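Taken from Swiss-Prot, the feature compositional bias 'Basic and acidic residues' covers 73-87. Among the features that Swiss-Prot reports, compositional bias 'Low complexity' is placed at 166-183, 228-240. If you look up Swiss-Prot, you'll see 72-240 marked as region 'Disordered'. The topological domain 'Cytoplasmic' annotation in Swiss-Prot covers 1-45. Marked as topological domain 'Mitochondrial intermembrane' by Swiss-Prot: 65-240. Among the features that Swiss-Prot reports, transmembrane segment is placed at 46-64, with the record citing sequence analysis.
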Amino acid sequence: MYLRRAVSKTLALPLRAPPGPAPLRKDASLRWISSNKFPGSSGSNMIYYLVVGVTVSAGGYYTYKRVTSGKAKRSDHVTDLKEKTKAELQPPQGEKENLVGAEEASLEAPEVSSTEASPVVTEDIPDAPAVVGKEAPPCPDDAEAAPSETVVVGAEPKPEMTDAATVETTEVSTETTSEVTSTGPEEAAAVDSAEGTTENESPGECAELEENSPVESESSAGEDLQEEACAGSEAASAQG
């Protein structure tokens, strides 16, 4: 019996609950709840409160700065993109001024050219006759030089041809006279026909000379030579 009691006591002690605060009830009053305290001393509790407060405040500050910095970066990035797009779409002020100046110059250039072209045309039209009038006088000098050259060139062979014609006519006349005296009437008729051909040839030569040198007919020297040639041919015909 004694052993049974001792074993029951030893086994019953661990089964008992440790001393501590009573569990909260649904119907517990606020006064009873507020009167209870956290376990531990008051100093350790203050340190715990400080550590928790500092960590929470640091976390909040870090998150706040991170969010604000992210927003600022995004806003800066957006503004940079907007400025770049504006710069690409719109040229700077210096280029705008240059473009405006170039456009004004291009618009003024046709007007200036048109205004300058009209006086130039009006001035060139009256100047043209003056230039022609100034250049026209040398033409008579050239014309005078050309006839003089033609006269000189044509006058040189003229005396030789006239002399040859006169010599031929005199020879023909002497031969015909001698033949006429020696031969009979038939030969005289033949000689007369030959003289007619020579006479026809001599005026033909004179006509050819006149046609070849139209300018010589105007000069006095050419007229004298032609008169002498014609006189020689007439004398030959008269002798015949």
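We number each residue from 1, going along the chain as drawn.
Each Cβ is built from the backbone N, Cα and C atoms, and glycine gets one as well.
Each residue of the compositional bias 'Low complexity' (228-240) gets a DSSP state, and the totals for helix, strand and coil are 12 helix, 0 strand, 1 coil. On the 0 to 100 pLDDT scale, the model's mean across the topological domain 'Cytoplasmic' (1-45) is 59.
Each residue in the compositional bias 'Basic and acidic residues' (73-87) gets a DSSP state, and the totals come to 15 helix, 0 strand, 0 coil.
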